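Annotated in TrEMBL:
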- 77-96: transmembrane segment (TRANSMEM)
- 102-121: transmembrane segment (TRANSMEM)
- 242-264: transmembrane segment (TRANSMEM)
- 284-305: transmembrane segment (TRANSMEM)
- 317-336: transmembrane segment (TRANSMEM)
- 390-411: transmembrane segment (TRANSMEM)
- 443-463: transmembrane segment (TRANSMEM)
- 469-489: transmembrane segment (TRANSMEM)
- 590-608: transmembrane segment (TRANSMEM)
- 620-642: transmembrane segment (TRANSMEM)
- 662-685: transmembrane segment (TRANSMEM)
- 697-720: transmembrane segment (TRANSMEM)
Amino acid sequence: MSFPQDTKHESQPSDIEKLDADQTQLAELALPAFDDPNIDKNEAIAGILEDDSPYPEVRSAVANTDDPDIPCNTFRAWTLGLIWAIIIPGLNQFFFFRYPSVTVTGIVGQLLIFPLGRAWARFLPNIKILGVEVNPGPFTIKEHVLSTIMASVGYSSAYATDIIAVQRVFYNQTFNFSYQWMVVMSTQLIGFSVGGIARRFLVQPPSMIWPTNLVTCALFNTLHAQTYAGVGNRGGLSRERFFFYAFAASAIWYLLPGYLFQALSYFSWVCWIAPDNIPLNEMFGYVHGMGMSLITFDWAQIAYIGSPLATPWWAEANIVAGFVFFFWFLTPVLHFTNTWSSKFMPISSRGSFDNTGHAYNVTRITNPDTTFNQEEYDAYSPLFISTTFAISYGLSFASITATLTHAFLYFRKQIWTQARRAMHEQPDIHARLMAHYPQVPEWWYAIIFVIMFVFGIVSIEVWETKFPVQWFILALVIAFFYVIPIGMIQAITNQQVGLNVITELIIGYALPGRPVAMMMFKTWGYITMAQALTFTSDFKLGHYMKIPPRAMFWGQVVATVIAGTVQLGVQAWMFTNIPDMCSPDQKDGFICPGTETFGTASIIWGVIGPARQFSKGQIYYALCLFFLVGFICPVITYALSLKFPNSWLRYLNFPVIFSGTGYIPPASAVNYVPWAIVGFIFQFVVRRRHFSWWTKYNYVLSAALDSGVAISAVLIFFVLQYPKNGTIGVGLQNWWGNTVMWGTADGRGTPLMKVANGDFFGYVLVTFRRMSSFTDSLDI
């Protein structure tokens, strides 16, 4: 009888229903607990089906396998890591005080460690020292990762070293090395303890992809992979060969915009046409203008704010939209209507001005003990800043409130889920593979925090800093409070919201007239958060590359301590042995531009105080409205996204819009618009139309371009520019046009040296050098 058969058939789900149920279950496993603009439902399901990450960009750069037996925490890895943890931070600290400066980045260490590790494995005998093998076999990818993290965790100048330099240069305070060491260690490592605790929010979830790490992972896999790793086409040019071709091309090309034809870097062609037209130069100039000339052939300019091949396209679109509105529309409107008396100043400048349009002389308003003198201030002038500088402050205000609102509206479920969830319950393959390794106990981080907290209290209480302990605690509370929301935004968008301005604002109102206290509050409030996210980013790199967490912990802590100590030693040596250190006319260029900026900020915010600039009735009071704007904007977009869940509104991210232009000034359109154009080509067009090529080569190309430019820039400085009285640089210039040295006599590009013998190539070089000076006519 057919009836019972029909009843049975109707009571069972159909194949289509089963497929839909399976798809729904897979989607629940693959999709995060918030509306992630990086996610693609079909790609996420494909990743789960392949037992891989739900994000194709992660699958393209990170292998979904692991061999726990690969050597990692070896004598060789520690030796190479510590050597470069001394060399790279020491060099960067030395050149930090020089203008122009050279920065040796972590990617340089990554490239240089690789051949050293291979040479070690090949030539050194495998003897034992205290029972530890010196040469345990081939140099492994995990050893390389651990060494690179140790070399790069403290590669840049520690923020707190500027406190010490400013105290010496501006306030004639030279405290002993114990004070300096405790301040640097405390500011560097308190953030480490916070980052370790936050790892379940920012490392374990697969949605926290940390895009910059994908470039590093792609380079590691390219250098070490014996077989293809990642999704995409296995055929064609190998990743390794592609990397070296792109690396060589970028290194060679950078000689042109970086040294020979610098006009290719600042291709300010409109300013060449009318160099004396001030409004035109304000719009099209690069240095003191809005940079509407747009063209650059310099990857260093394009990647100045980060690699466009690593940042998701939707985030780049948010940033460039914010740039266009705030700096190409609002800034010219305010400037040319003379708001804040702005027409008497450059439209874009990092400096401060008095009521005559000259540079603000802060010594006129301070007493001999650096405290504020109200009578002299009233007799002198209020402080004025350029329109772009003022807008950048307003956007910093907006980003602070927008970050909290956005995090609550979009990430509250994710934060609550991660707060309750054990780390081994994470769904993606990388978390499951990392679960095989012993995790770092929470009390290890707690011990680091307690020690560094004590260092902080001792340094501010034993020495005369005028910084109350309760404000030190408040600075840490601010940093802790913002780590998770700012970290989630950075992990998703590759953009970090800074806390430097808001910390300056708070302490400036609370403790006016105390510049050292202002610098300390700013450092502990801002750098604690920034260091926490630096360590967290490294943890994510270790998570991707399957580095044992305990090896990561000790490698980061020890390398940070060594790097900070080396930087303090280099700084002390420089101030002792370099004559006229930090003076404007120092003969070797050690004029300390960063220290000057930091010190000026300490007087503006710590001596004058924000109450005389941003309170009601003061000149920049209107900028406080940005706090309200930042609070409201995410609410509006969230409400609209609920009504139109599948529209483009889900990609609007106001913390990114407000904070993405944080490099302005000194950055301009040449750093933003070409960056967004390159990002659109590779992250949108190529990704959609040539997905197989993109998955195989995109991050490798980014690593090649970044590393090629970095290596070339270092060589240019040490071989061609720095030995200005030697033979190498002069010899090249003599070969290229029979010239000796180049410069400008009047700021308009007039060559100091004439071309000998009518040499054609020398004429070309003079022409390009002359064009290089026309960044805008205001740069005189």
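Placed from the backbone N, Cα and C atoms, the Cβ positions cover glycine too.
Worth saying up front: this structure is predicted, and the values here are computed from it rather than measured.
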Which one of these stretches, 77-96, 284-305, 317-336, 443-463, 590-608, has the most C-beta pairs shorter than 8 Å to the transmembrane segment (469-489)?
-> 443-463
Excluding the flanking five residues on each side, which residues at least 6 beyond the ends of the transmembrane segment (590-608) place their CB within less than 8 Å of a CB in that stretch?
-> 96-99, 101, 157, 162-163, 165-166, 169-170, 350, 352, 362, 365-366, 370-372, 377, 383, 504-505, 507-508, 511-519, 522, 574, 578, 581-584
Considering pairs 6 or more residues apart, do the transmembrane segment (390-411) and the transmembrane segment (697-720) have at least three CB pairs under 8 Å?
-> no
Please indicate, using numbers and ranges, the residues of the same chain that are 6 or more beyond the transmembrane segment (662-685) and have a C-beta under 8 Å from a C-beta there.
-> 266, 286-287, 289-296, 301-306, 308-309, 311-313, 316-317, 319-320, 323, 327-328, 348-350, 386, 388-389, 392, 395-396, 399, 498, 694, 698, 701
Mind checking which residues of the chain, 6+ beyond the ends of the transmembrane segment (102-121), have their Cβ under 8 Å from one of its Cβ atoms?
-> 76, 80-81, 84, 88, 91-92, 95, 135, 137-139, 143-144, 147-148, 151-152, 155-156, 216, 219-220, 223, 703, 706-707, 710-711, 713-714, 717-718
